[in-house]
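This report concerns only the one structure given below.
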Amino acid sequence: MQKSLATFFISPPEIPTQHGPDNILYDFNDGARVLLPEGKWHVRLLDADSGNILFCCDINNGWVTSSKKYFVRFRIQVFRQGEDSPLLDETLNLTDRDVLISFPTGTLGDLLGWFPYAERFQSLHQCRLECTMAQDIIDLLAPQYPQICFSTPEKPRTTEPYATYRVGLYFGGDTNNQPVDFRQVGFHRSAGYILGVDPREAPVRLNLSAPCTIREPYVCIATQSTCQAKYWNNGTGWSEVVAHLKSLGYRVLCIDREAHYGQGFVWNHIPWGAEDFTGSFPLQERVNLLRHASFFIGLASGLSWLAWATGIPVVLISGFSLPDSEFYTPWRVFNSHGCNGCWDDTSLNFDHKDFLWCPRHKNTDRQFECTRLITGTQVNGVISRLHASLMKQGDKACLTKGTNNEQGL
């Protein structure tokens, strides 16, 4: 069963959308762009904040574009050759302008991690912002952000934006689409750097108004992911965790989309003893279920981000990414005694087509040891401390409605 990895960005308009004097066209839809008619021109692209000249040239006609595509407060100057005063002098100003932020589609965790930076961007610049993303995520977020226009990449509403920014994961040491490699700052925080806003993380806003429909205390788990490196590859880990949760009095609900997932000869299955709540449900239904869970246990994947946004504690198990690669949770489970952190290694490039990607130890007995060495005992120890923290509050509601994720150990 192959998951869809459909993902694409909105391309810039074929010609710049802004009209300057003497038929000069310009915009900021792929960095700074200038299209010049026949003439003798001198063009400068500057960083307006530092005053540094980033590029200058003499040109008779054609295009001048910046190499940097992320947010820079560009200043475009176009002179007639030999003249001291610019004919066009435009400094990027997004206030009351049509701006597009293009996100990839099909990546729940990425979008939930990135989107708060788009809201921060709109609030800072007071622009007319449109964001493109997958429809199921639009359905989840749009009611909470009325000041932002949402659309799918196939049907953008803004056809002539003043500026466009493309938030995504850029590999291979790319510093034209991102000012700092996402693997050095955490993939979600890279959106803050691309958009030029405060990179501190924040959860998305969600509709948390649904009532609790399950009387017993319960914990939600999600065990599936998009590649084997993201799984918890300890053979008995999940079985030990489910048994421990039941001994503490919790129902254990598995809320993955698929009960079984894999490729080729490697398949992963719903843990024995967990209740099967799997299926392709609207994201809001998952929110309704998570909101009243005592806590959530999962991987470095989208449902962990969704659980975090509902405000419940998240036990996050990961080894292929470093502890600061995702949102902060005091209940992070990481084992430093083996190979780890390949996702965040800037000398490596993740291979999306290799389901068994393990760049340092593939086809050896050390393959996936980053999570294989995370034992059920280690995870159950974190669960026991979290459970004790909930019990210590002396509020029975904490067991059924959860508690804020920022509580310490």
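Cβ from N, Cα, C; glycine included.
Binding of ADP-D-glycero-beta-D-manno-heptose is annotated in Swiss-Prot for THR107, LEU108, GLY109, GLN224, THR226, LYS230, ARG257, GLU326; the matching candidate from GLY273, GLY279, GLY302, GLY341 at the same site is GLY302.
By the criterion of other Cβ atoms within 10 Å of the residue's own Cβ, the least surrounded of the binding-site residues CYS339, CYS342 is CYS339. Most Cβ neighbours within 10 Å, among the binding-site residues CYS358, CYS370: CYS370 holds that distinction in the structure as shown.
Look at the binding-site residues THR107, THR226 and count other Cβ atoms within 10 Å of each Cβ; THR226 has the fewest. Looking at CYS342 (Fe(3+) binding site) and GLU326 (ADP-D-glycero-beta-D-manno-heptose binding site), their Cα atoms lie 14 Å from each other. Counting every protein chain shown, the number of other Cβ atoms lying within 10 Å of the Cβ of ASP110 (active site, proton acceptor) is 23.
Here the Cβ of GLU326 (ADP-D-glycero-beta-D-manno-heptose binding site) has 24 other Cβ atoms within 10 Å, regardless of which shown protein chain they belong to.
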